[in-house]
């Protein structure tokens, strides 16, 4: 800990420095005088008043005098009101017992207001569930957008089961962010997912402009390969063929966990910035209907709500909450525990680490993240790791399962029904072309990640558990006390434990145990509440 500054700095300085400052001040004042002389002196304009030639001069003067008197009376009245308010506050100073009763009465009167405010403000998670149900009911085809870096972890069995039970609806998987995984891994995942559902390789465009500025700056835009959309033609062909087979206008719903790129897929299909996109999770709060053409309409939806019964890694990657709510050290440590250590060291250019706390310390020193006093800011390093892993720049990948085992809500008959009506051979050719066009990540930007499997979500708003206001306040007070007791201890407890043991010397092993005398003194003090110095020290 840095020692506090007990003395103020001395104002003594060398004569050279003092004369230099005085000279600069004189020069500055001289320049100001020179500029003021150039501008000239302007006399303030006096109010000429009401001219004698003006009609109703006396009436105007009387009105002005009346307004002046009214302002004076208003000031006097405000002064009296302030004095009365101060007098009332002095009389309210009563005994502590009466004050306690006043506080209780005030709390009782505030209780109906709290209930009314709570009833008026609905839980946003429940609103998300309601909007998701609306999107599924209104859709003929449901596009489940998956992150190609962890496709299995982005699948929600509850949503897929709801689509299957609806009867005539189709479900299509969209592997977005396909440029962030190696091509071999992408092909393996495509073969695995195609056994269940039609899967489209996709890479959303990042070169879209706003509607108003798109036409103006169209000629100046130079499209790079990383900004070009891949898989748009395959998805358009799939939707168009299904619309022709139905013979009617269709609606396509887009669902998925936060930050998988649902709105980016819609913007890429429309070739305009229609839906709001960004780095933050959960930007889309309600369903948004976007017409793609005369026959096809696409519906954007809010993100899926993850169930709290999932693994810590899934909660860290797919919770639509800020990093402060998730606790940065816990979230980043859970992610780091599933990543390959050697590739993490190569990506972040840090030495080998023993545990997550050691890694965050080295990363903070490497990136120049320091607290007051020069100690490494471990929490900022954890936030940096979390933002990179939940963003769209880091290239990590997972291996698909060795063999395909259908889940409880899926079997071969359902898979055949979902594939019916689509030209799968043409889809396979389009996917192969998209993989060939894509440019995979660099070798130093590839990190092997162990997926935690399917991620459970919440579709029914009744399953969302709400905390009472009293529990929330108690929780906040407990957190404040924890933070006050010691930030360092809290940080160490949040991180995964170190799997390292060392032998203690006899002196160290007995250092933590209280001596017999001290324990006897503690027992005596506990038995007798009245503390007598004469018996203990004389």
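The backbone N, Cα and C atoms fix where each Cβ goes, glycine too.
According to Swiss-Prot, the feature compositional bias 'Basic residues' maps to 1-45 (among others). Note on the compositional bias 'Basic residues' (1-45): residues 372-373 of its chain, located 6 or more positions outside it, place their CB under 8 angstroms from a CB of the stretch.
According to Swiss-Prot, the feature compositional bias 'Basic and acidic residues' maps to 69-93 (among others).
For the recorded site, residue 79 (N6-acetyllysine), the DSSP three-state label reads helix. The N6-acetyllysine annotation in Swiss-Prot covers 79 and rests on similarity to another entry.
The annotation phosphoserine is assigned in Swiss-Prot to 95 (among others) on the grounds of a large-scale study or a structure entry.
According to Swiss-Prot, the phosphoserine annotation covers 101 (among others).
Annotation comment: Swiss-Prot describes 114-126 (among others) as compositional bias 'Basic residues'.
Annotated domain 'CP-type G' per Swiss-Prot: 129-307, in sequence order, evidence recorded as sequence analysis.
Classification of residue 178 (GTP binding site) by DSSP places it within a helix. Long-range neighbours of residue 178 (GTP binding site) (same chain, six or more residues apart, CB within less than 8 Å of its CB): 148, 186, 201, 202, 203, 230, 231, 434, 435, 438. Annotation source Swiss-Prot lists GTP binding site at 176-179, 256-263, 300-303.
The region 'Intermediate' annotation in Swiss-Prot covers 277-451 and is backed by similarity to another entry.
Marked as compositional bias 'Basic and acidic residues' by Swiss-Prot: 460-475 (among others).
If you look up Swiss-Prot, you'll see 493 (among others) marked as phosphoserine.
Here Swiss-Prot flags 505 (among others) as phosphoserine, drawing on a large-scale study or a structure entry.
If you look up Swiss-Prot, you'll see 506-518 marked as compositional bias 'Polar residues'.
Sequence annotations record features per position, and here Swiss-Prot assigns phosphoserine to 518 (among others) based on similarity to another entry.
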> Over the domain 'CP-type G' (129-307), what is the model's mean pLDDT?
Replying inline: 82
> Quick one, of the binding-site residues 256, 258, 302, which Cβ has the fewest other Cβ within 10 Å?
Replying inline: 258
>> Whole-number answer please: how many Å between the C-alpha atoms of residue 302 (GTP binding site) and residue 79 (N6-acetyllysine)?
In response: 55
> Roughly how many Å separate the Cα of residue 258 (GTP binding site) from that of residue 79 (N6-acetyllysine), to the nearest whole number?
Replying inline: 57
> For residue 260 (GTP binding site), what is the tally of other C-beta atoms lying within 10 angstroms of its C-beta?
Replying inline: 28
